[in-house]
Amino acid sequence: MPEPRTPCTPSTSTGPGPARGGRPGGARRGGGPRRPAAPAGGRGGAPSPRPAAPADDLAGVVLVSEEEVVDATFADLGVPQALAAPLVEKGFARPFPIQAATLPHTLAGRDVLGRGRTGSGKTLAFALPLAARLAATAPEGGRRGRGRPRGLVLAPTRELATQITATLEPLATAVGLKVTTIFGGVPQGRQVTALDAGVDVVVACPGRLEDLIGQGHLRLDDVQVTVLDEADHMADLGFLPGVKRLLDRTPAGGQRLLFSATLDNGVDVLVRRYLADPLTVAIDPATSPVVEMTHHWLAVRDAATKADVVRTLASGQGRRMMFLRTKHQAKKLAKQLTAEGVPAVDLQGNLSQNKRQENLAAFSSGAVKVLVATDIAARGIHVDDVELVVHVDPPTEHKAYLHRSGRTARAGSGGDVVTLVLPEQNGDVRTLVRLAGISPAKHDVDAASAVVTDLRGPEAAHVEPAPPAPPQAPARAAGTGGGRRRGRGGAGGGGGAAAPQGGGQGRSGGARRGGSGGGGGRSGAAAPSSWTSSSSGWGGGSGSSGGSSAARPPAQRRSVVDVSRAGGGGGRRGGR
């Protein structure tokens, strides 16, 4: 089955947002009047007036070409020196076209709708006015309200939220602002601690943000600037209802900046409802292919030929990304390539957040040159100098093709995009490229074809895979009988010697639900994995922790008890 694209955990809180009735006429949130474009006073008690937009009339759509050469500096566009100087130090002497087109207006407080592909420079386009605005309106003495940010950036995925923070944080530090990132999939303790200490900007995924609001850790009453990045992807993931609830919690007079490749799936409703007289800047026609990309249709005759071509394309010296449709296949390919001397890491939904960050850091640093990913990485991952993107599995729709392909040819650099096509996929891929508006060069190939070796480039040196971990030492036999009563446990099952009955010392007694049932054998020498206990409070397991999982099938639960009894009497009912 294809991986469901749910990288951010949807909120479990329905949070009582303001009531919203029908919106007759020009009615807005809750049936109220449309917010004024430039309120006279501040929001949330902070003196933060919204200045008027520049005098020139730009009410229509501003079309911007990425090939345009900008002859102005950031300072020329009105960026404060404290923010412009760090950019120059990092080599950003001239703004990108989207930045040049929007900064004079966003710095003046105007709402902006930005339409364009990823990699066009939009993160700086909203990070600079956000930092400048909040620095100019900072409370006297730099006091920060507990759990009351003044800036909010919403992103659809954890990876994108992390990337935004990486861009925004140096700018914020330069002007004395604090930023924190909030997303699901990790414990919330550190996020709550950061909010309690006071922050100026929150970069967040909608689900976890709503949860923290529902728990009372966060309020949005003081938000002066709200940014929605990749709103179309939020719509694809079903996050728009939560986004609307969050926007309803922000002050009516706040500045809103929305960036989206397309305006379908309800994004146009967001624009009409929450942006006041926005300046619309279109970088390229929506979901257009990038001119610096070269697209290749490589037809392979069978699965074995395809596997050989993938191996060849992966073995080059530069960075490359390979996309597959399922988490299992992505993990499998990364392992296969690594075992064959081509170091690779995977990025897919089954990884913990720490492992995702570890793998992405290895790819970003160049320690590993191949990233094997599902569509979770098709948005928001900006790694410089990715020279090749390979659609090992062609995507099912054209927008996914363009977003995957957008990992290369970023910020004016060139790149190649390869789609591997089996005979039975010809019709689907023909439709895909037509809707994507591209004309790929078609070739019938195998691993030795010149076009394949040319796309690979110079071959990287073979890297011997790390040796497997040594086997664990035999477990120590120890312990007395395990407790039989609920909520109590002995010190562990007795020490049986044989493999299935091997009952070592109970490593952890009972567990989450009720005390410490006796631990079972710590490790039988060759005990099947189904006999290994977990930590949910079923005493007397045979594995490395005291109870077996409550979710374990009954037959497996019985086998755990039988093993512990054979090993010397692990607890039968401890903590059940």
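From the backbone N, Cα and C atoms, a Cβ is placed for every residue, glycine too.
Keep in mind that TrEMBL annotations are predicted by a computer and have not been checked by a curator.
In TrEMBL this protein carries:
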- 8-17: compositional bias 'Low complexity' (COMPBIAS)
- 18-30: compositional bias 'Gly residues' (COMPBIAS)
- 489-523: compositional bias 'Gly residues' (COMPBIAS)
- 524-536: compositional bias 'Low complexity' (COMPBIAS)
- 537-546: compositional bias 'Gly residues' (COMPBIAS)
- 566-576: compositional bias 'Gly residues' (COMPBIAS)
- 72-100: domain 'DEAD-box RNA helicase Q' (DOMAIN)
- 103-281: domain 'Helicase ATP-binding' (DOMAIN)
- 308-456: domain 'Helicase C-terminal' (DOMAIN)
- 72-100: motif 'Q motif' (MOTIF)
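Across the range of the domain 'Helicase C-terminal' (308-456), the DSSP-based residue counts are 65 helix, 31 strand, 53 coil. Secondary structure of the domain 'DEAD-box RNA helicase Q' (72-100) per DSSP, as helix, strand and coil residue counts: 13 helix, 0 strand, 16 coil. Mean pLDDT for the motif 'Q motif' (72-100) in this predicted model: 89.
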